[in-house]
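Database features, via TrEMBL:
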{"type": "DOMAIN", "residues": "22-275", "note": "domain 'Major facilitator superfamily (MFS) profile'"}
{"type": "TRANSMEM", "residues": "20-43", "note": "transmembrane segment"}
{"type": "TRANSMEM", "residues": "63-82", "note": "transmembrane segment"}
{"type": "TRANSMEM", "residues": "91-109", "note": "transmembrane segment"}
{"type": "TRANSMEM", "residues": "147-166", "note": "transmembrane segment"}
{"type": "TRANSMEM", "residues": "172-193", "note": "transmembrane segment"}
{"type": "TRANSMEM", "residues": "252-274", "note": "transmembrane segment"}
Amino acid sequence: MFKFLQNTKHAELISRLKIIFCVFVICFAQLLIGCSYVFSSTLLAQLRKPTSTLKLNSEEASWIASISVLVCPVGLIITGVLTDRIGRKRAIQIVYIPMIISWLLLVFADSYEAILIARIIQGFPFGSSTCEYLYIAEISPTKLRSVFFSTVTLFVGLGIMTEWLLAMFFHWNALSAVLCAMSVAGFVMVLFVPESPMWLRAQGRVEEADRVDKWFGLKRADISVSASRPSNDIDVPYWSLYLQRAVWKPTLITSAFLFLQQWSGVYVLLFYSVD
């Protein structure tokens, strides 16, 4: 009996470690997004130095700081569509592509226009956290889900701190090269993460989903998020789902929270933090 309990605890530990590994790999993109948030502050501070060969006026500096946020909604829509069409894992991999391109452009940028284009491309992954939250919800046990959700925000904070630390030792071109290498590493790491079993079942790939569940050491009862499609036998308009209290109430609360967060000026502080 004691040996059985030991084996059970060992299997549970391995299962938790696998989930933690996947969560950390998936959230690594948020670390790089955190770096992107405050990169403009480092960039603008270094461009203001007398030794800088590239000079910007206040209007150009404002566009460089803010343009990424303006294109974020477009990236959010694209990521949302890709998440359902090609899967959570591949969608997260695609998020790395604009990151890599933008950092490469910044490595060789020598003009205002080049920096602005790079910052535009850099803004597309800003809305990718929805995909990561969905993946985490679909692989983690219910009792640990809230803990793993906090990892997304934690990695954003780590990214902000990482960028500030690196900026102490690197010029912005060299810093862009370091972050580009980290983006490539993040893309490769996602290759070692399995696809969400919920999404696989929704696509009819049940056997593959069962193998993923077995690899994670999860039972179907451990995860309460349902990815099954509505039955065709029930003729209910799709839009009626939005009228349910369980849908519109948390949506309103979350929207109000995000509205207050945006209008509090927190992102202005991030984008101009060096100032």
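Note that Cβ sites are derived from N, Cα and C of the backbone, with glycine treated the same way.
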Return the stretch with the most CB pairs under 8 A relative to the transmembrane segment (172-193), choosing among 20-43, 63-82, 91-109, 147-166.
91-109
Chain residues outside the transmembrane segment (91-109) and at least six past its termini with a C-beta under 8 angstroms from it:
26, 29, 32, 36, 75, 79, 82-83, 115, 117-119, 121-122, 124-125, 128, 131-132, 135, 172-173, 176-177, 179-180, 183-184, 186-187, 190-191
With Cβ-Cβ distances below 8 Å as the criterion, list the same-chain residues six or more beyond the ends of the transmembrane segment (147-166) that contact it, or say none.
19, 23-24, 27-28, 30-39, 42, 129, 132-133, 136-137, 140, 175, 178-179, 270, 273
